[in-house]
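Novice: What TrEMBL lists as ATP binding site is SER29, GLY30, GLY31, VAL32, ASP33, SER34, SER35. Residues or ranges marked as domain 'GMPS ATP-PPase' by TrEMBL: 2-185.
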Amino acid sequence: MVDTESFIEDAVAEIREEVGDAHAVIALSGGVDSSVAAALAYEAIGEQLTPVYVDTGLMRKGETEGIRDIFSFMESLRVVDAHERFFDALSGVVDPEVKREVIGEQFIREFEREAKDTDADYLVQGTIYPDRIESEGGIKSHHNVGGLPDVVDFEGIVEPVRDLYKDEVREVARALDLEEVVAERMPFPGPGLAVRVIGEVTQEKVEVAREACHVVEEELEEYDPWQAFAAVVGKGTGVKGDNRVHGWIVAVRSVESRDGMTARAQELDWETLQRIQSRITGTNDNVARVVYDVTHKPPATIEYE
Ligand code: XMP
């Protein structure tokens, strides 16, 4: 374990020395690593740092508001409302891997524009020790959104938490009063809700997935799943009032896992499942059916795409 107080002091001094009077940018994701990197850099260089949060429109319910709250102490925070551009870029795209590529590219474009706009010479990143090991070994590259350093010409890259493990980053986060980002949240895929709607990404499908994911997260908190969410998997017939409707089919998934490589579908009680079903169909007239996924990984993956 690191001595958090002296780690913070050293990291701040190092950033100050490296960046000097120049400007720096950081892409905030809401995750603990980039949050800690941003807070350290802000402590070091204040308003010379521009934290950029790109709202792709594919985030969880309340995520953007949460970011604004947590980082309200940074006056230079930029929240980029890019959801229309992401939906435009994704229009007609149905292949899951192409979705990931489109999202990654759009993200880089958004960030690049902001970085140029701020005249930043330095890029701050929340790379942690396991990330470096993984990328050296070539693992996980397709999971990372963006290869930011390649696209914008920075004088230097600053990685203040590069030697820390996740639990150490969490400790530093607590010491920096970033309690909200430390709260154990489930892993959330980089491409966001785009991989929780099968086929083309539309505003309507994403909205259904967002609300349903929120219900599932709330209802399953007591089960402490490794990951639990809902996905829009297709359309089917239902009955609303006196009418037959062609509505969305929402699949609920809740898994136990250690590292996401393998997973077990969680056993849930009937009452909980029924409560989830009635909340999801009750809040959206266009949802005709809710199903629970009992498949382990393998043979299924955790996400639907
Ligand atoms: P799968 O679906 O492959 O998911 O069983 C394993 C874990 O990885 C997450 N996941 C992603 N994370 N970008 C990410 O950052 C992605 O494209 C992506 N695809 C899946 C998934 O949520 C689970 O935690």
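Cβ from N, Cα, C; glycine included.
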Novice: Return the residues near GLY31 (ATP binding site) by Cβ distance under 8 Å, restricted to its own chain and a separation of at least 6 in sequence.
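Specialist: In sequence order, the residues whose Cβ lies under 8 Å from that of GLY31 (ATP binding site) (at least 6 apart) are GLY126, VAL181.
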Novice: Note the Cβ centroid of SER29, GLY30, GLY31, VAL32, ASP33, SER34, SER35, the recorded ATP site, then list each other residue of that chain whose Cβ lies within 8 Å of it, in sequence.
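Specialist: Near the ATP site, the remaining chain residues are LEU28, VAL36, GLY126, VAL181.
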Novice: In sequence order, which residues at least six apart in the same chain have a CB under 8 Å from the CB of SER35 (ATP binding site)?
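Specialist: The answer is LEU28, ILE70, PHE71, GLY126, ALA173, LEU178, VAL181.
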Novice: Around the C-beta of VAL32 (ATP binding site), how many further C-beta atoms are within 10 angstroms, looking at every protein chain?
Specialist: 22
Novice: Can you check what DSSP calls SER34 (ATP binding site), collapsed to helix, strand or coil?
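Specialist: Assignment for SER34 (ATP binding site) reads helix.
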Novice: If I restrict to non-local contacts, at least six residues apart, and a C-beta distance under 8 angstroms, what lies near SER29 (ATP binding site) in its own chain?
Specialist: TYR53, GLY126
Novice: Counting only residues 6+ apart in the same chain, whose Cβ is under 8 Å from the Cβ of GLY30 (ATP binding site)?
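Specialist: Set apart from GLY30 (ATP binding site) by at least 6 residues yet with Cβ under 8 Å, we have TYR53, MET59, GLU63, GLY66, ILE67, ILE70, VAL181.
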